[in-house]
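Taken straight from Swiss-Prot:
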- 118, 216: substrate binding site (BINDING)
- 135, 146, 273: divalent metal cation 1 binding site (BINDING)
- 146, 209, 241, 273: divalent metal cation 2 binding site (BINDING)
């Protein structure tokens, strides 16, 4: 967005005469007040952004270590114990632990094969041919980071490889279009188009979300086609986490634990996730490892 373009807020003024920031990545108080009152969205201050960035880097490091440890024969409970140790090492708090109702019982989510999201670690060993999403959310000094990745165990069937590839491609394509003034619905458009090229479906029961000051904030970021016209603005932080199914988009919540979401047709599902920051000129992926 250029200085002489119309401002994203709809005032019909040029951006430079309206919400153009006086300093890089320092949105005006008027912008924060507008987004808080109109959309209940927290536009972060430079100090908050720096603390969220730190939390996101810790989250990414823990996720990276867990992905490297996920091998055939390892149980997801063993990964959860490693997660506990890593959180202590980084002086971080696992955000999922005891979250919600019923309280989530583990420090990470491990979603295998047909589990769409919110998989609960257990004592079943990982097997050759499994795919798994590991989702890590950390609290560091009171601020939150959130990211996830797919891992493939041993020799994985081609269709499972394809759905992992499609989800990552959809995430990267959605991130690539981010900039101030972009309406939120464009994210869902890009993801739907990407999934369609593979012949896969996009889960619409779960969404991305604002994150940083709280675990879950506005805006909710739909990965499917939608009509949300909220314009992105510098200082917004949120997750993009497309869940792509090989078969039908519908899922159901496991009635035995009230957390795990599974595909209704038991076909594989895949998800990748990053926390992103909207900047004055585009975006920053906060959960991208700095090394």
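Cβ atoms are placed via backbone N, Cα and C, with glycine included.
A straight line from the CA of residue 209 (divalent metal cation 2 binding site) to the CA of residue 216 (substrate binding site) spans 6 Å. Classification of residue 135 (divalent metal cation 1 binding site) by DSSP places it within a strand. Using a 10 Å Cβ-Cβ cutoff, residue 241 (divalent metal cation 2 binding site) registers 26 neighbours.
Between the binding-site residues 118, 209, 216, 118 has the most other Cβ atoms inside 10 Å of its own Cβ, all protein chains included.
In space, 146 is the closest of the binding-site residues 135, 146, 241, 273 to residue 216 (substrate binding site), judged by Cα positions. Ranked by Cβ neighbours within 10 A across all protein chains shown, the binding-site residues 146, 273 are led by 146. Cβ atoms within 8 Å of the centroid of the Cβ atoms of 135, 146, 273 (the divalent metal cation 1 site) belong to the same-chain residues 109, 136, 137, 147, 148, 239, 241, 275, site residues excluded. Within 8 Å of the centroid defined by the CB atoms of 146, 209, 241, 273, the record's divalent metal cation 2 site, lie the Cβ atoms of 135, 147, 148, 208, 211, 238, 239, 240, 274, 275, excluding the listed residues themselves. Listed binding-site residues near residue 118 (substrate binding site): 135 (candidates 135, 146, 241; Cα-Cα distance within 10 Å). For the pair residue 146 (divalent metal cation 1 binding site) and residue 241 (divalent metal cation 2 binding site), the C-alpha distance works out to 10 angstrom. A straight line from the CA of residue 135 (divalent metal cation 1 binding site) to the CA of residue 241 (divalent metal cation 2 binding site) spans 10 Å.
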